[in-house]
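Enquirer: First the structure, then my questions, so here it is.
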Amino acid sequence: MEWSLTQNKLLAFHRLMRTDKPIGALLLLWPTLWALWVATPGVPQLWIMAVFVAGVWLMRAAGCVVNDYADRKFDGHVKRTANRPLPSGAVTEKEARALFVVLVLISFLLVLTLNTMTILLSIAALALAWVYPFMKRYTHLPQVVLGAAFGWSIPMAFAAVSESVPLSCWLMFLANILWAVAYDTQYAMVDRDDDVKIGIKSTAILFGQYDKLIIGILQIGVLALMAIIGELNGLGWGYYWSIVVAGALFVYQQKLIANREREACFKAFMNNNYVGLVLFLGLAMSYWHF
């Protein structure tokens, strides 16, 4: 019986950290890899790459824990989130806080193996991860904070590799914010009706009938910024082809969200994993020496 209870608790932690739903970690991973490849340039040192890949998964898990902790009194009123571990009682508030601390401590121990500049930047990463879940109560732009939180690995990656944060770094950071606002607005469109009822704020609510248009403008901005990064770093044809393919994926997403149907909007959100992957493959191809 004790083993059964322990197993159930571990499964609840697994769900709380969203390790069964890797999309969030992947959307955090791709910009991290973009930054590592541009900063190096090419293939980064194995240990630095390992630290960042592990850090992505750990901090995304920590972010999910604090997000559910912040939303624990709201999630029970939303159909999609009512059965999450905290509102369902599978995990207590004390356990969630302890799990968050453990995940952050492991992440920080990994960062301590890197240089001082990266360690200092990691403090801001923790602050962003903690603040984001609470922003949806106070502003209709929590997605901007999410973009900053998901993109903070970019200056950290540049700092870890070169101990500098050049113009390309900040252009990539801005591109990631625009991308995150676009894809998380698609995600928020799924819950828009429920969010209005319970008082949660989002860009999907703020943009209203102009949501599709603004998402499209943001996506164009992402492509333009990534093209500028390519020019600044002398990237090859493979990279620019990846931007074209990413643009085609954005067009596909626009078709999916055309009628604002929940399942289609969620499918559009999920499709952004391929955008990140394609852009990374383009970068890798540019630095590949045949």
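These residue numbers are counts, starting from 1, taken along the chain as shown.
Glycine residues also receive a Cβ, built from the backbone N, Cα and C atoms like all the rest.
For reference, Swiss-Prot lists these features for the protein:
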TRANSMEM  23-43  transmembrane segment
TRANSMEM  46-66  transmembrane segment
TRANSMEM  99-119  transmembrane segment
TRANSMEM  141-161  transmembrane segment
TRANSMEM  163-183  transmembrane segment
TRANSMEM  213-233  transmembrane segment
TRANSMEM  234-254  transmembrane segment
TRANSMEM  268-288  transmembrane segment
Enquirer: Is the transmembrane segment (268-288) packed against any residues at least 6 beyond its ends, judged by a Cβ distance under 8 Å, and which are they?
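Expert: Counting only partners 6 or more residues beyond its ends, the transmembrane segment (268-288) has Cβ contacts under 8 Å with 23, 26-27, 29-31, 33-34, 37-38, 40-43, 179, 182-184, 186-187, 190, 226, 230, 235-236, 238-243, 245-246, 249-250, 252-253, 256-257.
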Enquirer: Take a look at 23-43, 46-66, 99-119, 213-233 and tell me which one has the most Cβ pairs under 8 Å to the transmembrane segment (163-183).
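Expert: Of the candidates 23-43, 46-66, 99-119, 213-233, 213-233 scores highest.
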Enquirer: Count the CB pairs under 8 A between the transmembrane segment (141-161) and each of 23-43, 46-66, 99-119, 213-233, then give me the winner.
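Expert: Result: 23-43.
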